[in-house]
Each structure stands twice: as structure tokens, then as C-alpha cells.
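Encoded as C-alpha cells, the structure appears first; notes follow it.
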């Protein structure tokens, strides 16, 4: 019986609340997808994919807490470290279309 | 595997939003006119898939998706794109090829017809979970037989070790095949 | 990126940092006025052409220090995922991919050519080949002792460490070696059209560069036989 299973308000437990919060972040990610698709410039897309990555780290951390599986935080850590790689790869690519690699 | 029932009872919000996100990113990846935009949205697709795998309690798959997709695939695709020339596009999306879309829709409809017989996600009655000879045997016997807590790794390295050896050789062969295709003799 | 940087900073005799000094080395005076300081030549021709190879790599004052800080932690985390695969999610495949991604990160920050010099071809090949041989050897030791392939209880070490050694010495080494190799390989490109920013170490394509440049500068992409280019034109 961890803190995740304790009732919070109106019969909802803390875990369910965290899951709803994660769902809200996914909805935000869908909104951010508009910027990634529409652009109009590549810088917009780089920024959008960076925000999406940070968003995903939050979602994964919330899932790890809600499912009370601390080892799931490893995935969030991997994303936090590698999302940076994705961001610098795309941003360096947008300059001169990879000419400065 | 504690607390599976409450998760099954209220899958709706997080699962539905993640599925919408994944389907949207997959469609945009397929339809985007600009290749760089498609690569970027494909990175976003992998983010959604990793969260979905995590929610379905498959952390090993989620970790693989995170490491391979975010770290490797995007970078390798961008490096390949850097070797090509850019074509300016007027439109954001490709035109949909109607016969191809019809064939894909037909396949989707055929697969969707079978969904009624598939057990619910996380159901304890699903054969893949309740089977005493396979899943339950591995879950109960792995630690006694190998001393390893992570059942997935034990299955990969010990119980199905010969398959994993084959996969490792395939990865090695893929590196050699890339050398041959690109007419190189050394990697670095 | 640094388009807004005023050009007169390069004319100052002193007081410029290392990065400014390098962009000054490219010769600001010869450049046309519409070319930003970080770019040695005007945007023209293909990336592979001789002109465009003037600045194959541009230092970034944001990316380099950040990678210096992040890379050790990311590499340590890759080692953790590899070595702790028996107790938590992960294993050799994931850990090897993370460690290879750290090398990508370093290559983006410090230049692919510099990383290519730093990480010799021998290391990459030794990882890939050594991993395959180590996996096969661990599998064949029990066979030599009269058991089956990969029968861990016939190894002279506990079963758990047998699994761990397959993950660490076998799979992680293969995956990280092959992924690093693919990265350097794709950065070099197709050999016979002389593309890539370096000579790739083979040396046999250097003679072709002069012939290739003639077609490149005429901006004729249609006649290029490279399959990579064909994919991009689709």
C-alpha cells in the first residue's frame, strides 16, 4: 500500500490522478505536433521536437510514479539524455543542410 | 504486476490520447512532403511509442525504442539526408495515392475484423498471460534457474540464447553489408 | 546561427576568442558581402563539392560545453544499463546503443573528422568482431565440455555471470561497434562519387575527385549515379 494507492478526492487515488495528468501532457504534445508539422521554418520544427522530448520525459516520469515502478524512470533518463542529441543533430543539420557537421 | 486491475479499469484517458498522438505522427510521417519534416515527426512518433510501451509495462521495449529511435535512427537518417540535395516543396503534404490508400484501408479493415476476438489489454484470462507452460513458467522459474531478476533479459540471453546469437550475427552482418553497399573498406 | 555577428569583430587584432579566431581564419576579406561570417563560401553546388567543403565543421559555443558535461553522464548511464540489465530494464542492446549515441554526440560537438581520428577504425572493428567472437566463444565453451550451446551451468562461473558476460562482452560490444561504424560510414557517403568530407581512409577515391567536381559545379544532379542522391530526388 503505497502513497499511490491512497484516496485523494472523490474516490480517485493519487495514481489515477497522476495518470490523468500524464494524459493532459499527451494532449499538450498533440498540440505541439501542429507546430512540428506546420513549421513554417525548420527552427520551429527543431523547437517543437525539443519541447515534445521534454514533454515525453515528464509523461514517462508521471507513468513511473503512477504505476509505482521506479525502474521505469530509466526510460525517462535515456530520453532526457538522447533528446539533447536529437535536438543538436537536427539543429546542426538545419544550418547549411548538414554542411557544418 | 501488482495493481493491474485498477489500470485496466481506467485505461481511457492516457491510452486514448497516446494512441491519437501515435496515429497522427505516423500519418504525418507517411504523408509529409519534406523529408526532413518526416524525419523530425518520426522522432516524435518514437516518443509516443516509448510512452505507450511504458504504460503497457514493457520497459525493456520502451528503453530499446528510446535508445534506438531517439539516439540512433534520427541521426543516421539526417546523415544520409546531408548527402542529398534539397527540393523546395510548395505543399506540406504528399498527394494521397488513392489505389494504395484503398489497399491499405482494405488490409486495415481485414485486421480490424479480428480485433473482436483479441483479449482485452492486460486481461488475466489472455492466453499469453495465463498459459502455465510458457509465461507463468518463465516468471516463476527464471530466478531459480538463472539468478537473474529481469525475466526479459534471461529469456533473451539464456532460454532463447541461440536466437539472440543469430540476432547478434545479423547486426554484425548488417554492418558488413553497409560497407559493401557504400563501396568502403573501413568504417572510420 | 551566427548571422547577426558583426563583421568588424574579425578585424580587431586582439580580444577575440578561440572561435572567433577560427572563423577569422577563413578569410573574411575574400568573401562576398552577403555571406555570413560562419560560411566560407556562398551557398552553391552540392554539399560534396570542393567549394562547400571550405567549412566542413563549425564550432558552437553552446553545443561543445554542454556535450562536455552531458557525455560522461550519458556514457556512464549506458554502462549502467548494460551491466545492470539483470536487475532492471535494459541489457546489452540498449546500453550499447546509448554508448554509441554518446559517440554521435561527441562527433556533432567536436566535428566528425576529429572524432574519426580520435576513434580509430581498429577500435570500431575490434568491438564488432570481438563481440561476435566473444559471444560465440562463451557459447562454445560448454560445447567443448560436452554440453549444449550456451549451457551456462557448464561455465566455470555462476550462471548469472555467464548471462552478464554474454550481454556485456557480446551484445553490447557488437551493437555499439556496428552503430558507430554505420555512423562514420554514412558520414563518409558513397565511395565512388568522391563524396564525404574526408578521404574515408581508403585513398582510392582521391583520384576521382577532380572528375566529379566538374559535374558537381554545373549543378547537374540528374546525371549523378549515386543511389543516395537518387533517393533524395524522389
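Even glycines carry a Cβ here, placed using N, Cα and C.
Annotations in TrEMBL come from automatic prediction, not curation.
A quick note: this is a predicted structure, and the numbers were derived from the prediction, not measured.
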C:93-112, C:193-212, C:213-232 - the one TrEMBL records as transmembrane segment: C:93-112
Positions on the same chain near the transmembrane segment (C:124-148), where near means CB under 8 A and six or more residues out: 154-155, 162, 165-166, 169-178, 180-181, 184
Within the domain 'Na+/H+ antiporter MnhB subunit-related protein' (C:66-180), residues counted as helix, strand or coil by DSSP: 93 helix, 0 strand, 22 coil
